[in-house]
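Chemist: Before I ask anything, here is the structure I am working with.
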Amino acid sequence: MDDTIEVQDIHFFSRLEVLKEIYGIIWILIPIFTLVLGITIGVLVIVWLEREISAGIQQRIGPEYAGPLGILQALADGTKLLFKENLLPSRGDTRLFSMGPSLAVISILLSYSVIPFGYHLVLADLNIGVFLWIAISSIAPIGLLMSGYGSNNKYSFLGGLRAAAQSISYEIPLTLCVLSISLLSNSLSTVDIVEAQSKYGFWGWNLWRQPIGFIVFLISSLAECERLPFDLPEAEEELVAGYQTEYSGIKFGLFYVASYLNLLVSSFFVTVLYLGGWNLSIPYIFSPELFEKAGGVFGTTIDIFITLAKTYLFLFIPITTRWTLPRLRMDQLLNLGWKFLLPISLGNLLLTTSSQLLSL
């Protein structure tokens, strides 16, 4: 009888341990699923905003039939690409050709793990958050180069080489600007950087403490996202569609998604590094502590709303530059990165370091 009771207890505790493991896995998957769902909705909103703003600039009618005000047009385009045939180049490297789009999307998706959407509302609050983003974002051009090489097409290969050269040229100034912000905040954590800007409201933003770094970061971000006037890797007049030339179906759609994911993550980091993140712009009157005392859900909602408002307001800059600035030549692109932005960002870093040493 005692042996039977002991066996039942063992089975009970073993089932309890299994339930704990399942609960832990579910608790990990829920934030990830929520983040992916939010990112998907954010990309759909960006596509709709860009089409509406572009239509307004060009004085034409934008999307209006797919859903209310045409907001489901991007979803309709994605569904169409999902059911199209995936073609493979006959003499290309099919493994590199298939891995390229996935590598580009996954590397950008991982960058969202260190973005704080609110107070303690970040998937991974790491001590090296901003440098992890830079390290992960440098993987995406490898996927583009793999796609260009695996396509066995001269236009695709040239587009992949351009993407790699452009990424190397502008990632160094961008990293130096991030390092300057880290020196001011005494931390590499994205949460600590936002909290360091919360003392004086609007005037505490790093935008005013690092105006030169902000301009360099903005230009470098546009180049990293391959937005006009920096879209040389996929210039239609020169390279048909660049590294995307041989792609069709869902693989082509992955490149389309990756470009907007990269644009959104760059806008988020501009908000976090220079625009105060989730903090309000009014000092002393309203503060994040007020919303924390008012209630967790209410405070979290306000934090997310402020972060998204700043991010989407900043998105007007890359959208409007698409229709206002001409495309650069390749030599102009490289000269701008190596001969102008790199020395300026290095000088900005030296000035920041000197000011921090003098303030000790």
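Sequential numbering from 1, following the chain as shown.
Even glycines carry a Cβ here, placed using N, Cα and C.
Keep in mind that TrEMBL annotations are predicted by a computer and have not been checked by a curator.
Just lifted these from TrEMBL, have a look:
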| type | residues | note |
| --- | --- | --- |
| TRANSMEM | 22-49 | transmembrane segment |
| TRANSMEM | 103-122 | transmembrane segment |
| TRANSMEM | 128-147 | transmembrane segment |
| TRANSMEM | 254-276 | transmembrane segment |
| TRANSMEM | 296-319 | transmembrane segment |
| TRANSMEM | 340-358 | transmembrane segment |
Chemist: Taking 22-49, 103-122, 254-276, 340-358 as candidates, which has the most Cβ pairs under 8 Å with the transmembrane segment (296-319)?
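Modeler: Ranking 22-49, 103-122, 254-276, 340-358 by Cβ pairs under 8 Å to the transmembrane segment (296-319) puts 254-276 first.
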Chemist: Could you give the residue numbers and ranges of same-chain residues that sit at least 6 residues beyond the transmembrane segment (22-49) on either side and whose C-beta is under 8 angstroms from one of its C-beta atoms?
Modeler: 63, 69-75, 109, 112-113, 123, 257, 260-261, 263-264, 308, 312, 315, 319
Chemist: Same-chain Cβ contacts of the transmembrane segment (340-358) under 8 Å, 6 or more residues past its ends?
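Modeler: Distal contacts: 170, 172-174, 176-177, 179-180, 183-184, 210, 212-213, 216, 219-220.
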Chemist: Six or more residues out from either end of the transmembrane segment (103-122), which same-chain residues have a Cβ under 8 Å from its Cβ atoms?
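Modeler: Result: 35-36, 39, 129-130, 132-133, 136-137, 139-140, 142-144, 146-147, 190-191, 194, 254-255, 257-258, 261-262, 265, 268-269, 272, 277-278, 288, 292, 299-300, 302-304, 307-308.
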